[in-house]
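Engineer: My questions will all concern the structure given below.
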Amino acid sequence: MNVPLAQRTSLLMERVSPRLAPKLLEPLDQWEVIRHLGSGSSAEVWLLEDKIRRRQVACKTPRDSGLAAELSQEAKLAEQLSHENIIKPINVSDDPELSSIKAATFWEFLAGGTLTDLVGATGQLGVAQTVTVVLPMIQATQYLLARQIVHGDISPRNILFDLTGRPVLIDFGATRATAHHHARTGTPGFVAPELVLPSSSKMGLEAGADIYAVAAVAWFCLTGTVPGSPEHRVPLTTLRPDLEDEILEVLETSLSADPTMRPDLEHLLDSVAQWAIPEPVDLYASVGEQYELVLPTRQPELDTPRKRTFKRDKSSTANLGGSPGSRTTPSKGRSRVPQRLSVALGTLLLACGVALTMTYESDSVQYSSTAQAESTQIAGPEDFQAVMDELVKARSTAWAATAPDQVEQYAFIDSEIYHDDAELLSVLAEAGQYLEGIRMRAVVDQVKRTGDMTVLSVTWRIDGYVQRDAAGEAIEQIEPRQEAIELELVETANGWRMVAVR
């Protein structure tokens with residue numbers, strides 16, 4: 001029976017007794033326990049955040065003391081691996097407070113949620129997005145197999161995403177060497193049939209088990225359902241009659257009850273790569289509200305085709321004529337909007353606005369050049385991602401509300417960013433115009449700290465949006481875009497604030 005996983009999970013959660021809730025972690029000084037991320041058969045996972053640096057880590061603690069050795073072994077194995085689609089452990093030996101948490105292991109925090117969350121929120125994925133998920137999982141499985149390792153529990157709950165949409169394989173607690181004797185492992189519906197045979201006929205844990213699991217994940221992506229056992233499985237063509245024969249064939253054979261009938265990983269990789277050109281997964285429906293504004297995979301929801309159009313009065317050069325900072329003569333009934341505003345909105349603040357990058361020559365730039373003589377320290381981008389998330393959310397909120405009084409929530413007062421944003425928003429408000437669908441986000445790639453100045457290398461992204469007048473009539477539609485910038489920050493009594501774009 002193919003039952004949507006989200007429905008099954010909901011029904012199960014309703015039956016969970018409060019007495020089974022995980023035991024809370026002891027309060028910490030420098031680190032704050034943000035929330036409980038999830039439970040497994042052997043561990044609880046918590047989100048911790050450094051109160052000073054805003055760095056976030058996932059903390060995994062054993063459900064009982066007898067499972068501590070298993071968690072330690074999992075972390076030691078992961079330390080030996082290096083693959084972009086495999087979870088990375090974090091060494092906390094230099095952090096006395098984290099090191100004091102008994103039997104805990106620490107991992108990179110992946111804020112995009114699980115594949116279970118994504119499919120539960122969207123129903124199913126398209127073929128191109130399925131390729132985005134499955135192809136890296138096959139590559140990660142190949143990487144493990146080359147080291148004589150079988151994961152043993154590749155399933156939607158063990159595939160997480162970062163905010164860029166990168167899928168990452170987690171949970172190596174079930175991992176076994178290929179020569180290891182069989183041990184019961186895996187998630188129901190994704191575990192190969194040979195691993196649930198009667199004891200007398202059980203086979204060792206071989207690569208075919210992971211091939212079956214990866215194919216089951218692909219089935220789950222495409223249908224929103226768990227494949228089920230071969231003898232009770234609804235044909236894939238019934239669930240997705242639109243799929244091409246190539247997809248149907250390779251998934252049916254990969255999910256064969258007989259391991260010898262399944263293709264090898266290389267054949268599976270070649271086949272999946274031909275299904276479609278990968279497209280970014282849209283995590284908007286499944287992530288927490290605090291991350292919505294920083295999702296680079298968010299697709300604009302526009303009523304009209306995504307193309308740039310201009311509506312101009314025929315008797316005027318409209319808003320694009322003249323020199324920067326000049327004001328045009330408005331058409332009858334339309335408020336005056338300077339060319340500078342139109343140009344800035346046309347590229348809206350990918351580098352904090354064209355107006356900002358062209359005019360910023362104030363004290364902070366001079367200060368920055370002076371600071372170059374000081375030693376530069378490079379910090380991890382994860383230390384400042386949470387900071388940028390808050391600043392970008394504040395900026396998006398100010399622009400969406402056309403609220404110049406909110407600029408101080410993200411920009412250092414008297415900086416060029418502060419003055420230009422406040423001016424542009426004021427002119428926009430006076431003209432009775434607003435930006436529909438404006439949403440910004442930034443992904444921190446690198447952090448450099450020189451003296452008192454912090455410079456972030458950032459990929460700045462913005463969704464498509466529509467500039468409208470007071471009557472709600474569209475003036476201009478802007479396409480989504482992104483740009484790599486260097487952004488200066490300064491720490492104030494009220495938190496971090498943007499200063500300048502380099």
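For all residues, glycine too, the Cβ spot is worked out from N, Cα and C.
Because TrEMBL annotations are produced automatically, they should be read as predictions rather than curated entries.
What TrEMBL shows for this protein is this:
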BINDING   Lys60  ATP binding site
COMPBIAS  316-332  compositional bias 'Polar residues'
DOMAIN    31-276  domain 'Protein kinase'
REGION    296-337  region 'Disordered'
Engineer: Report the same-chain neighbours of the residue listed as 'ATP binding site': residues 6+ apart in sequence with Cβ closer than 8 Å to its Cβ, ordered by sequence.
Structural biologist: Ala43, Glu44, Val45, Trp46, Leu71, Ala104, Thr105, Phe106, Trp107
Engineer: Return one of helix, strand or coil for the residue listed as 'ATP binding site', based on DSSP.
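Structural biologist: Once the DSSP labels are grouped into three classes, the residue listed as 'ATP binding site' ends up as strand.
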Engineer: What mean pLDDT does the predicted model reach across the domain 'Protein kinase' (31-276)?
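Structural biologist: Mean model confidence (pLDDT) across the domain 'Protein kinase' (31-276) is 88.
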